[in-house]
Amino acid sequence: MSMEDYDFLFKIVLIGNAGVGKTCLVRRFTQGLFPPGQGATIGVDFMIKTVEINGEKVKLQIWDTAGQERFRSITQSYYRSANALILTYDITCEESFRCLPEWLREIEQYASNKVITVLVGNKIDLAERREVSQQRAEEFSEAQDMYYLETSAKESDNVEKLFLDLACRLISEARQNTLVNNVSSPLPGEGKSISYLTCCNFN
Amino acid sequence: MGSTAERGLPALFDWFFEAAYPPSLQEDPPILRQFPPDFRDQEAMQMVPKFCFPFDVEREPPSTAVQHFTFALTDLTGTRRFGFSRLRAGAHSCLCILSHLPWFEVFYKLLNTVGDLLAQDQVSEVNELLLHLLQQPLPGTQDSVGLELGSGVMISSAQGIPSPGPGKSMPLSCFVAPDSGRLPSIPENRNLTELVVAVTDDNIVGLFAALLAERRVLLTSRKLSTLTSCVHASCALLYPMRWEHVLIPTLPPHLLDYCCAPMPYLIGVHASLAERVREKALEDVVMMNVDSNTLETPFDDVQALPPDVVSLLRLRLRKVALAPGEGVSRLFLKAQALLFGGYRDALVCGPGQPVTFSEEAFLAQKPGAPLQAFHRRAVHLQLFKQFIEGRLEKLNRGEGFSDLFEQEITCSGASSGTLRSYQLWADNLKKGGGALLHSVKAKTQPAVRNMYRSAKSGLKGVQSLLTYKDGDSGLQRGGSLRAPSLTSRSDCLQQRLPITQHFGQNRPLRPSRRLQREERPSESLGEETPSLSPEDAQGPLAEEALDGSFLGSGEELDLLSEILDSLSVTATRNSSLRPSQSLDCCHSLPDIPGRWRWQADDEKPPGPQPLSLSVGLPPLHTPQPSDATSASEHPTSQLPSEASPEIISPSQSSTASADPSSKGDPSSSLTDPQPLRLSPPHEATQDPTAQESPCSQLSTAPSPRESPPLLTPTKPNSDITWTSQVLDSFSDPGSPENPRAQPSEVLLPERTHLQPHEEPGAPRSPDPPAGNWRGLQARSRPRVAELKKCFEG
């Protein structure tokens, strides 16, 4: 994975309650392009997908950590170095939605270094068992200033779109950041660092 | 097969296998043998052997010596398992035991035994050995386990050599189940020893700071054993916190990409793979090369710690790192207590409501101080969050706890916030708390009496237990098990003092501080003893002077450590058992029993001493309930309340022994513990007019110093121990909880409820009382906060 052929590398971290389909979501997106499960023994796993956006190759590293569900909320140290977070809940599970504020609490506290957060309501294939209305989720995500999308990992609905949209936002964010401050050394303990492996390409 | 039959029950280990050196990086190491033979977990069989050769097998020349290392596996639920590995000399193959138990020394030793047998082609013996191990239930803490061919496994719940039957040879292998409640000690704890030997003091502090900041940390070393030891040991420095993130003590070559993870991790990488790791897209990673002792970090994590904590660590680490014992662990425990001990004051408990943690209150402590700045960051640490959650969970379950950390906080007064709040609380009491205390008293006293009554009956069972256990081993065992309750008692004592005894007075200093200047548990007890008594005499003054010294309190640790050290001797005394906990597996240290003997005999007081300690402590508390109740009305006098004489009587009647200590009997050897116990007398000294009875009661407390006589397991003595212990737990509710009893009366019934529980428990093992006690003690804490709140409100 060293200096390969890509223009951007972004690290995306999946969070959310257990059983909301985080891993399925990623596996659907990567479609077995990268053999998953390698890291199942060490409590962390990632999948890679490279997409092309406006002619630029974007490599998405999507990280999934085993056992983080046991945390009622995850603290910023967890996503300090991630470029984006995908916060997932299950639309058929009210509880997973109600936990969102808990998950978000840490993230919001640092609005200045806000990591891009996407809210994903998964399992829309189970519409008949829906417990969280789309409207409610939209209102919530608006209030939290998050991008929101409903997906079905099973039917592959919106999964591609989710990651492509995210990649677009990450690119524009990265550009802005490099323009605004070229020095991207985050303060210890806070801030996020974007991987400018390829920052030369920005100029 | 045993394993499958027993599935569901926790087994000593899950899987044993031997894997052969893989011919290339691409190929998996073939499994040469395994146990149980019918082990069929395909995923494990495919994935795990790769962890046995976590270096560049194509480049790395086979090492000439046997190496022990331990990798860790984390499954999807976050549960960890350890792979204890023994790489044969020349690395031709690797033996590995997969287990949930972090029993490093035990498994290393087992692997050695197995390795030796295999070297002689005694395969069936190996299988027999492993079968025995797998079939037997998990040994309890500090149980010793002897393995012998033919007759199988012997577990003795005593601290003795499991005697292999009349006239038989020594067991093939034996070990003592480690006590997870104890701090890692040098050199028994191999991980810590390796860390201290391999890494310079400054870098240990740097590593600690990086972990406390939840960085991504990479360690590299050429020696696998050193590598994984350093990883495990540095995690252990965080106690009572846990490393909550990715932990990969040694990263196999096929997983190198995982170093790019954006979340915090602690990963060990063998030097042969370090170059390849460096080529990856690593960002903001703290890199530590153990071999060259260099730590590269893009952060200022050490500077982010409060300067006093850093200087404490730096100054003291140099000294303690060279000395055997728990010094290093204690030091970091102390640092943790200084850093996080204030959490207690931020616990909020309203009547009928679950205990919660107030981040605001936590952050409001020490305004402007470096500690506050540290706290601001700390509340965003996963390890802190999980720690708080764990504590709240226990408190709200009514389970309670008193671990070494809590004891450290109390006895060092590490959270000076605690002191302040107590002070504040006491001030408030002066102003208007009288009415409250009156009613508290009314409510408590009957309860205390009740407890006493049931305690008495509980004693009978205990007595019979002790009779039964009268043999050497029984007594020793009892001693070791009582250790936790012993210390928690002192904790309780410490904690209670300000609440119960000093209403309307200046808060006396915690007695433990007196010994700040004392040496670490010194090798020669004889020398120490004389110095003690003078110190005692000027106790109050000295305390006063030292009170404000943050750093100085570092020394108090030694009080407890001394106790614990001596306790540990019970475990270590049997030199033949010792090797299992030692570094013998490195082959650098021969299994010479004598080697251990110096430690046991010279450095520490006779093993069973702790027993007597526990005897002494409890009575101390007894006065307190009465204290609390009576103090409310007459802070200075009247300590002998109705309850206390009753309570005391059993212990006193049984031992006159109690007294000598009160006289400050310096002849006894245990120096450090004394201050702890003496605390009450102290107050007595400050307030000579009153408290005669507390004094006399207290005299029982120091009895531990008498321990030498107690060494011989005499029944009466042990009875006393129990008496006091049981009483203690009952009396406990009386004191600190008195105040609390008011907001929620439910508590008292609850507590009384505990007794029946305890009675049956006690005869079986000493654990239950301790547990109960802990519960009581822990509960007291939030209630203090609660009360405080009430008052403040």
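Yeah, the Cβs are placed from backbone N, Cα and C, and that goes for glycine too.
Just so it is clear, the model here is predicted, and its values are computed rather than measured.
Sequence annotations record features per position, and here Swiss-Prot assigns GTP binding site to A:Val20, A:Gly21, A:Lys22, A:Thr23, A:Cys24, A:Thr41, A:Gly67, A:Asn122, A:Lys123, A:Asp125, A:Ala153, A:Lys154 based on a large-scale study or a structure entry. The 10 Å shell around the Cβ of A:Gly67 (GTP binding site) contains 19 further Cβ atoms across the protein chains shown.
Sequence annotations record features per position, and here Swiss-Prot assigns Mg(2+) binding site to A:Thr23, A:Thr41, A:Asp64. Listed in sequence order, there are no same-chain residues at least 6 apart in sequence whose CB falls under 8 Å from the CB of A:Thr41 (Mg(2+) binding site).
Swiss-Prot lists A:36-44 with the feature region 'Switch-I'.
Residues annotated as region 'Switch-II' in Swiss-Prot, with sequence analysis given as evidence: A:67-83.
The feature S-geranylgeranyl cysteine is assigned by Swiss-Prot to A:Cys199 (among others), with similarity to another entry given as support.
Annotation source Swiss-Prot lists cysteine methyl ester at A:Cys200.
If you look up Swiss-Prot, you'll see A:Cys200 (among others) marked as S-geranylgeranyl cysteine.
Using a cut-off of under 8 A between C-beta atoms, the binding-site residues A:Thr41, A:Asp64, A:Gly67 that neighbour chain B are A:Thr41, A:Gly67. Counting Cβ atoms from all protein chains shown, A:Ala153 (GTP binding site) has 24 others lying within 10 Å of its own Cβ. Closest to A:Thr23 (Mg(2+) binding site) by Cα-Cα distance, out of the binding-site residues A:Gly67, A:Lys123, A:Ala153, is A:Ala153. Of all the binding-site residues listed here (A:Val20, A:Lys22, A:Cys24, A:Lys123, A:Ala153), A:Lys22 has the Cα closest to the Cα of A:Asp64 (Mg(2+) binding site). If you take the C-beta of A:Cys24 (GTP binding site) and look for same-chain residues 6 or more apart in sequence within under 8 angstroms, you find A:Asn122, A:Ala153, A:Lys154. The helix, strand and coil residue counts that DSSP assigns across the region 'Switch-II' (A:67-83) are 7 helix, 0 strand, 10 coil. Counting only same-chain residues six or more apart in sequence, the Cβ atoms lying under 8 angstroms from the Cβ of A:Lys22 (GTP binding site) belong to A:Leu14, A:Ile15, A:Gly16, A:Asp64, A:Ile86, A:Thr88, A:Asn122.
When the record's GTP-binding residues A:Val20, A:Gly21, A:Lys22, A:Thr23, A:Cys24, A:Thr41, A:Gly67, A:Asn122, A:Lys123, A:Asp125, A:Ala153, A:Lys154 are compared pairwise by CA position, the greatest distance found is 31 Å. In the structure as shown, the Cβ atom of A:Lys123 (GTP binding site) sits within 10 Å of 26 other Cβ atoms. The Cβ of A:Val20 (GTP binding site) lies under 8 Å from the Cβ of A:Thr88, A:Tyr89, A:Asp90, A:Cys93, A:Ser96, A:Asn122, A:Lys123, each of these being in the same chain and 6 or more residues away along the sequence.
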